[in-house]
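Report on the structure given below.
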Amino acid sequence: MAAKDVKFGRTAREKMLRGVDILADAVKVTLGPKGRNVVIEKSFGAPRITKDGVSVAKEVELEDKFENMGAQMLREVASKTNDTAGDGTTTATVLGQAIVQEGAKAVAAGMNPMDLKRGIDLAVNEVVAELLKKAKKINTSEEVAQVGTISANGEAEIGKMIAEAMQKVGNEGVITVEEAKTAETELEVVEGMQFDRGYLSPYFVTNPEKMVADLEDAYILLHEKKLSNLQALLPVLEAVVQTSKPLLIIAEDVEGEALATLVVNKLRGGLKIAAVKAPGFGDRRKAMLEDIAILTGGQVISEDLGIKLESVTLDMLGRAKKVSISKENTTIVDGAGQKAEIDARVGQIKQQIEETTSDYDREKLQERLAKLAGGVAVIRVGGATEVEVKEKKDRVDDALNATRAAVEEGIVAGGGTALLRASTKITAKGVNADQEAGINIVRRAIQAPARQITTNAGEEASVIVGKILENTSETFGYNTANGEYGDLISLGIVDPVKVVRTALQNAASVAGLLITTEAMIAELPKKDAAPAGMPGGMGGMGGMDF
């Protein structure tokens, strides 16, 4: 085991504080509408330019191990906030730094760190309750667009696009952000359920121009095993032919004789049909087939349930108004499933999302949820250069997360104003002077985001904060973008409560740990061994002529 370097008390805290300051100073320049960019060197390719706090925080790695520990703990504030709320990482970092700085001063003055932490926790709980009480619910598409615009650093086009996407796929719907191949940013909405499996044979195509198979008012047969022989299916195929409706077969695979028979029947015009492979693998495939069955009002034909192919009747098949199948994707629009059953399935998947510990499983469950709940929207971010596209994509991701958070818990006045107002409403009382000091630390620290936003805009923070607090209106504040005072909610300068709340709770949690740290242990750097001496020259080489 390698030797360790141990630092105690004030020396440890000073080192840690230096690390916190380096990381926070790099992150906080990005805060607000007039925040600056940070350029990050990449080991290959062009440098990355970003205004995303968590992206900056993740790049900071310091040489001094003790300073690095402080920086990494503050980085945890940004990462945790990003995981929970998806935005507010810079605000969280600024709050974390402010609480640590104030706390370190109090500890240096001889106060008890544990009591300080208790005081900080008391005040934070009160501020969170105040924020939730003041939250205004979001109802209109315009309000959704405002939240998106603020988080995308004032880019109204992005805000509008997110609002439109949410309107089309619902708040539960999946909205993904991708890099576009063009300079334009565009929105594409896929209604209904789409999965990434295309037709098994190009002979199923009904529209040769677009190379897609469109089935109107179709029956859907869902089978969890391979189909290599159609003998067992003949009764149901004949029943479908009688109705003159098209049929889509979704099975693990359709191969050999079965596929050939379907293609021949399709070409002869006797049967409007298409076949695709079932989406997913293993247990996930079973679950997705069950989802499609519920969405279309059909049944999965499964040996496990004791249903044999020979006994399948028309009422076991799903129905959909339209099915569109391309080379890569199948989209089922307007399935005939019962709303109550779909809602029950959605509830079941939500429960699984809450219980799962795997990020991958959670992502897959959310995809399934979206497909059932209404569709998928894709925002393709365009730009003139790759660097610009990456920077813009960061902002769109933040804006999307902020918008979701706003729909969930509501909004408050933006620009750090909600926390500024809350600082005057803290009434908590500590049981001793040190706890009181902890409460006062939060009073001062939660003014930091508003001060930083105005400082980044080149304004005098104390003057502006003073003027905002003189006015008693909850929503009165300063619009840094144009340098005017006014009602922030009606100006559309708003923050999601969830983002502000999460930022404060995470900042206070990690800052409390940093303040109460008394010893730090790091591995000593290994001393390089002296290089071995050069071997002696070969004997008898002297006096040779070259």
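Every residue gets a Cβ built from N, Cα and C, even glycine.
Among Gly159, Gly170, Gly415, Gly430, the residue that Swiss-Prot places alongside Thr30, Leu31, Gly32, Pro33, Lys51, Asp87, Gly88, Thr89, Thr90, Thr91, Asp495 at the ATP binding site is Gly415.
Comparing local CB density within 10 A for the binding-site residues Gly88, Gly415, the maximum falls on Gly88. Here the binding-site residues are Thr30, Thr90, and the one ringed by the most other CB atoms within 10 angstroms is Thr90. Taking the Cβ of Lys51 (ATP binding site) as centre and 10 Å as the limit, one finds 21 other Cβ atoms among all the protein chains shown. Non-local contacts of Gly32 (ATP binding site) by the CB criterion (under 8 A, 6+ apart in sequence, same chain) comprise Gly415, Gln452, Ile453, Thr454, Asn456, Ala457, Thr480.
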